[in-house]
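If you look up Swiss-Prot, you'll see 1-20 marked as signal peptide, on the strength of sequence analysis. If you look up Swiss-Prot, you'll see 199-395 marked as domain 'Peptidase M12B', on the strength of sequence analysis. Under the heading Ca(2+) 1 binding site, Swiss-Prot lists 202, 286, 390, 393. What Swiss-Prot lists as N-linked glycosylation site is 259, 297, 373. Swiss-Prot lists 310-390, 350-374, 352-357, 406-425, 417-435, 419-430, 429-452, 443-449, 448-473, 461-480 with the feature disulfide bond. If you look up Swiss-Prot, you'll see 335, 339, 345 marked as Zn(2+) binding site, on the strength of similarity to another entry. Summarising the annotation, Swiss-Prot assigns active site to 336. What Swiss-Prot records for 403-484 is domain 'Disintegrin'. Summarising the annotation, Swiss-Prot assigns Ca(2+) 2 binding site to 405, 408, 412, 415, 418.
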């Protein structure tokens, strides 16, 4: 059994606050300076890895003490993770770097049930956490005193421009995509798919040549950026019981391998074709995302095909590197992957707890890391009705998933649910003491699902439109049937 290492960091704030400073995230108007002081308590005889499996950080925010719990994201990389870049003469260079002892964590604030966090501890502490409903960012200060860190609210980062940033998707009817086949070809029944809690997306990210030049040919800087983005993606998708495993990172360091243009739809089409004819033949994966340094026409910052996950040509998205804040890039990539998983743009009736949700068509000044209730339903329908077989298999190597810890609000192997400690659990379907669903649970979501049970037969689940009749639940399924 893996020994869990407990690390306490005391962050002592300096007796002053900064008024304005230029950080990696941009110009920050108000920040606190803190100093990490690390105190390690190791069990006797335990070897000390470079990066511990679990850590705690104690510090003050706005004068109030908080405790940040961190747990290493052991599902970040697949066992066969690889990286590819190209020499100046076009030769492909592929390596399998050791990534088991990495430095990327998920976290939460103690006694704050709604808190989340995504932190890298590679060179100091860098990332974000949510405290009492507000997002804070932390990063090392580039001073002669290497221990100094800045903590600041996301709202205090000066916005780069006032122009809206939007998804380029306009088609929201997945049935219009002819190549997508129905789930009748799947080996699993719809009910087996519904109650198989884990889904695994094996992801490839490609950084184009403009990304390479934008970061001055620094491969390590691009790697770190993408690792941080994928770590945040996992934080966002875990509430859908989806794990994102990075299986390959490709950097077009010599030249672009497709025609990357400012017309987002054309670039998406070219990237999908390249994935099917080139990438898939040398690296097995479920989905590929292109991160590009180009500025797309108009307000578009990303685009993807809808309900296309597992399709060789269509399971792709493209994202513009539009911000210095990696969280915003991750929100955009999560949005495009959401389209791949059957999600459409949110309407005014969609909610995720008072925030602008991930599938909002326009990137908000205060973006959320949560999917809306509409997205949950649309994703559920995709799993039931589309050929989603590829995301039902676990990536290579069971050791990429950490041993389950019931009550940490992270769904892990062997658990059917994890809603936190019993006093904080908000999931009526989940037994917080065992992290198993109650034996009487029939469903978790759907228009004909209420309090974990199928709604009674005859219950109206969709009102009539035009000459149609009301749609009514059957009492045997969580889905609202059509009258056809």
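Using N, Cα and C of the backbone, Cβ positions are placed for all residues, glycine too.
All protein chains shown were included, and the count of other CB atoms within 10 Å of the CB of residue 425 (disulfide bond) stands at 18. Residue 406 (disulfide bond) counts 19 other C-beta atoms within 10 Å of its own C-beta, drawing on all protein chains shown. Model confidence over the domain 'Disintegrin' (403-484) is summarised by a mean pLDDT of 80. Taking only the Cα positions, the spacing between residue 373 (N-linked glycosylation site) and residue 418 (Ca(2+) 2 binding site) is 19 angstrom. Local packing around the Cβ, expressed as the count of other Cβ atoms within 10 angstroms, is greatest for 357 among the recorded positions 357, 390, 435, 443, 461. In terms of Cα spacing, the recorded positions 374, 390, 405, 448 that come within 10 Å of residue 345 (Zn(2+) binding site) are 374. A simple way to gauge crowding: the CB of residue 374 (disulfide bond) has 19 other CB atoms within 10 angstroms, across all the protein chains here. As a summary of secondary structure, the domain 'Disintegrin' (403-484) carries 0 helix, 13 strand, 69 coil according to DSSP. DSSP gives residue 310 (disulfide bond) a coil state; it is part of no helix or strand. Between the disulfide-bonded residues 419, 473, 473 has the most other Cβ atoms inside 10 Å of its own Cβ, all protein chains included. For residue 350 (disulfide bond) paired with residue 405 (Ca(2+) 2 binding site), the C-alpha to C-alpha distance reads 32 Å.
Residue 259 (N-linked glycosylation site) falls within neither a helix nor a strand when secondary structure is assigned with DSSP, and so counts as coil. If you take the Cα of residue 310 (disulfide bond) and the Cα of residue 418 (Ca(2+) 2 binding site), they are about 27 angstrom apart, rounded to a whole number. For the pair formed by residue 443 (disulfide bond) and residue 452 (disulfide bond), distance between Cα atoms is given as 5 Å, rounded to the nearest Å.
Sequence-distant contacts of residue 297 (N-linked glycosylation site), defined by Cβ-Cβ distance under 8 angstroms and a gap of at least six in the same chain, are 262, 263, 264. A strand conformation is recorded for residue 202 (Ca(2+) 1 binding site) in the three-state DSSP classification.
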